[in-house]
Amino acid sequence: MKKIKEVIVVEGKDDTKRLALAVDADTLETNGSAISEATLAQIKTLQASRGVIVFTDPDFSGERIRKTISAAVPGVKHAFLPRKAGVPTKAGGSLGVEHASPAAIQTALAHLYTEQIDEPQQLISHHDLIAAGLLAGPTARQRREQLGERLGIGYVNGKQLPKRLQLFQIQPADFWAAVDQLTTEEK
């Protein structure tokens, strides 16, 4: 089992249990989307000493936690679980890391992104996103979801997509390769 040096920030104890099946890592649980100042202080300390990986559920609450931590603790790494990998096996459950397979968790942790601390460059233009069919049209949402999976950056809406691409400095070559794969699969 692979040992992870950084501390992985997750939402709850069920996420910690599921991670233990996939990797050897220490975790810190936020216990919900309302992160306390004490928890943020712990994350800052851990970032300075060991590094931190934010690995939250692929839903609204998970994204909220991710943004809160990113704003308070610059330079953390991010792992994104594809939405379809976090679907519960039983009806009525919520989307989350606790439902992911060990293989899906290992894949997400193998494709980490680190935020740019200084002002990142915009490498992919608004025009590029329109040309790729990611902002308008009947299949735009589906294409964004698939692009997010391919690039390992999670799902975002059309308004957030340029920000996420810029934040993680996705290179144009990687972006267009992923778009080409989408186009090929649609044919």
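Glycine residues also receive a Cβ, built from the backbone N, Cα and C atoms like all the rest.
Per Swiss-Prot, the features are:
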- 5-88: domain 'Toprim' (DOMAIN)
- GLU11, ASP57: Mg(2+) 1 binding site (BINDING)
- ASP57, ASP59: Mg(2+) 2 binding site (BINDING)
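Cβ packing within 10 Å was compared across the binding-site residues GLU11, ASP57, ASP59, and the lowest neighbour count falls to ASP59. Cα separation, GLU11 (Mg(2+) 1 binding site) to ASP59 (Mg(2+) 2 binding site), rounded: 12 Å. Helix first, then strand, then coil: DSSP counts for the domain 'Toprim' (5-88) stand at 40 helix, 13 strand, 31 coil. The predicted model assigns the domain 'Toprim' (5-88) a mean pLDDT of 91.
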